[in-house]
Each structure stands twice: as C-alpha cells, then as structure tokens.
Ligand SMILES: N[C@@H](CCC[C@H](N)C(=O)O)C(=O)O
C-alpha cells in the first residue's frame with residue numbers, strides 16, 4: 001500500500017482514521033481499511049472516514065446537489081455501513097478544521113449512504129440532524145447464557161436495543177464476543193445496544209446508560225446511531241412523543257433530542273487528535 005495521509009479523530013471515544021480523497025482517486029480496499037484500523041500494526045480505529053466530493057463518488061449518486069461532501073464510512077473489518085452518527089460529527093470537525101466547509105447556523109449538509117445529514121458546530125459539540133429512527137420489531141440478543149428481549153430500530157443502519165433485566169449491571173456483560181441475534185430479521189448483521197436506566201438529570205427528560213457491540217467493529221466506546229436508537233426506544237417506552245435523552249456510554253455522553261415530528265438530533269463531542277502519513281508497505 002502507498003503511504004496515506006491521515007488524521008485521527010474521535011467522538012466520545014468512537015475513533016476513526018480520516019483519509020482525505022477529495023477527487024475520489026483512492027481505491028480504498030477492505031484490506032487497506034483493516035490495516036489502517038489495526039490497533040497494533042496500524043493507526044487504530046473503529047472505522048475509516050474517507051472524505052470525498054459527493055460528485056466524485058458513485059456511491060453518493062443523487063446527493064451532489066444537496067451536499068458537497070460524502071462521508072464514505074467503513075467499519076474496521078473492512079465492511080461498508082450505511083451510516084455512522086459519530087462519524088458524521090468527526091467528519092464535520094475535519095471539514096471545518098481543514099477549511100473544506102464553513103460552519104453555518106443552518107448546518108453543513110453531509111452525504112452518507114443513508115442520505116444527507118446536516119451538522120451544526122456548537123463549540124466542542126457537534127449536533128447532527130439525523131434520519132428519523134424507525135422502531136419496527138421485537139427480537140432478542142444473547143450473550144453467553146443470557147438472553148435479552150430487544151427492539152429492532154432502523155437508523156439508516158440496523159440496531160437492536162435491549163434492556164438489561166433483574167438489576168444486572170452493564171459492566172457484567174462480556175462483549176468480547178458478538179451477541180447472538182436473529183439472522184432472519186437482520187440478514188446484513190446488526191449493532192446491538194444494552195441499556196440500563198440512570199439517575200435523573202435536570203437537563204434531560206430521560207437519562208440512560210448503554211454499551212454497544214457494533215457490527216463490523218466489535219465493542220466500541222460509543223455509537224451515535226446506537227444512541228439514536230436507544231433514545232427512540234427510551235422515549236417510546238416512557239410514553240413521550242418528544243424529549244431529550246442523555247445517554248452515557250463508556251467514552252462519554254451523547255444527547256438525543258426529538259423536538260418536532262420528523263426532527264431528531266444527535267449531539268456530542270468531536271475531536272481531531274493527530275495527523276500523519278503511513279509508511280508505504
Ligand atoms: N459507530 C457508528 C456506527 C458505525 C456503523 C456500524 N458499525 C454498522 O455497521 O452499522 C455510529 O456512531 O453511529
């Protein structure tokens with residue numbers, strides 16, 4: 001592989017290797033993604049964000065009129081995912097820091113495989129207008145001897161949100177191995193969230209804590225679309241048509257706000273930590 005210029009960034013500890021490829025000249029293979037994301041032999045990350053002009057990537061077909069930039073997201077195992085909530089926030093931080101986009105009160109549109117998201121920079125937080133989550137089926141997830149009832153949620157990518165039962169603490173779960181799930185319901189795999197209630201907070205209607213096992217990446221310190229799915233299920237279970245849900249993850253806090261019929265926001269930190277060039281191999 002040729003040397004690649006990269007930037008490393010994260011959103012609440014969900015970390016990414018960012019590769020700028022404005023004209024779509026790079027043929028990023030799954031093997032290259034795996035090598036970049038490797039935590040011992042590479043840069044290390046839960047995924048890769050390729051920064052490319054929307055008009056230059058056929059995977060973003062039809063979105064160029066709405067969004068100048070396409071987030072080409074890959075999981076650390078080299079697979080492609082439709083959407084990444086923390087990825088969009090870190091991608092936006094990259095665009096603004098590198099003067100590829102100007103922050104604006106109406107937001108920066110970002111093309112993704114799940115459609116155009118709009119990101120608003122608010123100091124060290126970046127808030128994204130997300131695709132509305134769709135809660136659509138009951139299912140279960142199994143870790144070791146434990147089976148948890150859950151709910152399937154489509155956030156552009158697939159999620160299964162499971163509540164822990166019998167006062168089981170989140171840190172008792174062994175997520176070194178991926179949870180079992182219904183492959184007929186999730187033929188393309190699924191991201192699995194485990195949720196418990198948390199102490200009330202003055203700034204939120206609901207407060208929960210979660211861990212996540214991500215399709216294609218394993219357990220991560222945070223998942224933005226996972227938080228969106230959890231927020232949607234928490235509001236539904238509380239009988240709230242709208243509201244603010246604070247969600248604590250191992251890497252920090254994300255906030256999901258549903259404030260109008262079709263308007264869902266994901267907010268949290270987005271940080272760039274390093275940049276460099278890989279050595280040709
Ligand atoms: N960490 C991301 C989700 C990344 C994609 C996911 N692993 C999938 O395969 O769907 C987020 O912040 O949303």
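Using the three backbone atoms N, Cα and C, a Cβ is placed for every residue, glycine included.
These numbers come from a predicted model, not from an experiment.
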Given that TrEMBL assigns 14, 75, 85, 86, 157, 214, 215, 224, 225 to the substrate site, pick the one from 5, 191 that the record assigns to that site as well.
191
Additional residues surrounding substrate, by Cβ distance to the 14, 75, 85, 86, 157, 191, 214, 215, 224, 225 centre under 8 Å:
81, 83, 84, 87, 212, 217, 220, 223, 226
Extent of the substrate binding site in Å [max Cα distance among 14, 75, 85, 86, 157, 191, 214, 215, 224, 225]:
16
Does DSSP give residue 85 (substrate binding site) helix, strand or coil?
helix
Measure from the CA atom of residue 223 (active site, proton acceptor) to the CA atom of residue 157 (substrate binding site) and give the result in Å, rounded to a whole number.
12
Cβ atoms within 10 Å, counted per site: which of 84, 223 has the most, among these active-site residues?
223
